[in-house]
């Protein structure tokens, strides 16, 4: 008897595939920074409003992820890092991803406006548009400054959280925006240093592809030098304090040490050890952002006991 095997037929999408479509790792950062923005605002927010606000912000983040995955299907199919995502792997159809993204976008924006306020909903709508259209459809494929300008999309969540609580913006919410905005380039350029071939194969004009690794290393250092004083200065805003200052000094000292190491690295050495330093800097940058926002949250938690703030 002949053994007939049928290959190339995509498996039916399951619950986990639809969760992956929403980019849960990115969503976790969005939820955390938005939650910090909401909780440290100088007003009392009803727990139900806070819960629903964060829920719809998370939904908006997931919608952005689905729209991005729909548009980037051709790129994601080529890149090793992304080829197993639901859309490029064929598990979820592109049209289905588009429909889910649009539906969740509408639900998230409308419900956030009804549950909290129109300003917060407007910020969320702009964030989804900026990420899905300005970044994904335009910047990502046209300029090596894609993540510099596009980084604004990931920087809005704490502002949205603050707006849920207060209905507006402030120096503090703008600082949280700026912290993420300035953090984004060194974070993603360190990734691009050891993923250059992926971006090159997909035709994405990352800085490593258009200008080479040596220029990218210099940019990591320059943006780290700009980020460090900004991060430390946050200690002297209304959401800062001695705990945040100590945390920021330690983290930014380590950031600068790492950035200098990356800048001074010889390419032959980096290839020989498979970009060990660059991968370490990339992982550290994730902890860097979470710990800064954790310190901001800790300052707010300590204030009722007379321990937080100055």
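Keep in mind that glycine also has a Cβ here, set from the backbone N, Cα and C atoms.
Quantities reported herein were computed from a predicted structural model and do not represent experimental measurements.
These features come from Swiss-Prot:
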TRANSMEM  26-45  transmembrane segment
TRANSMEM  49-71  transmembrane segment
TRANSMEM  95-115  transmembrane segment
TRANSMEM  118-138  transmembrane segment
TRANSMEM  147-167  transmembrane segment
TRANSMEM  174-194  transmembrane segment
TRANSMEM  220-240  transmembrane segment
TRANSMEM  243-263  transmembrane segment
TRANSMEM  289-309  transmembrane segment
Quiz item: Hey, which bits of the same chain come close to the transmembrane segment (289-309), Cβ under 8 Å, at least six residues off its ends?
Solution: 29, 32-33, 36, 39-40, 158, 176, 179-180, 183, 187, 231, 234, 238-241, 243-244, 247-248, 251
Exercise. Give the one range among 49-71, 174-194, 220-240 whose Cβ atoms make the most pairs under 8 Å with those of the transmembrane segment (118-138).
Key: 49-71
Self-check item: For the transmembrane segment (26-45), distant same-chain residues with Cβ under 8 A (at least six beyond the ends)
Solution: 53-54, 57-58, 61-62, 65, 154, 157-162, 164-166, 172-173, 176, 180, 238-239, 289-290, 293-294, 296-297, 299-300
Quiz item: What residues in the same chain, six or more past the boundaries of the transmembrane segment (220-240), come closer than 8 Å to it by Cβ-Cβ distance?
Solution: 40, 42, 170-172, 175-176, 178-179, 182-183, 185-186, 189-190, 193, 248-249, 251-252, 255-256, 258-260, 262-263, 281, 292, 296, 299-300, 309-310
Exercise. Determine which residues of the chain contact the transmembrane segment (243-263) at the Cβ level, with the cut-off under 8 Å and only residues 6 or more beyond its ends counted.
Key: 186, 190, 193, 217-218, 220-221, 224-225, 227-228, 231-232, 234-235, 277-278, 280-281, 284-285, 288, 291-292, 294-296, 298-299, 302, 308
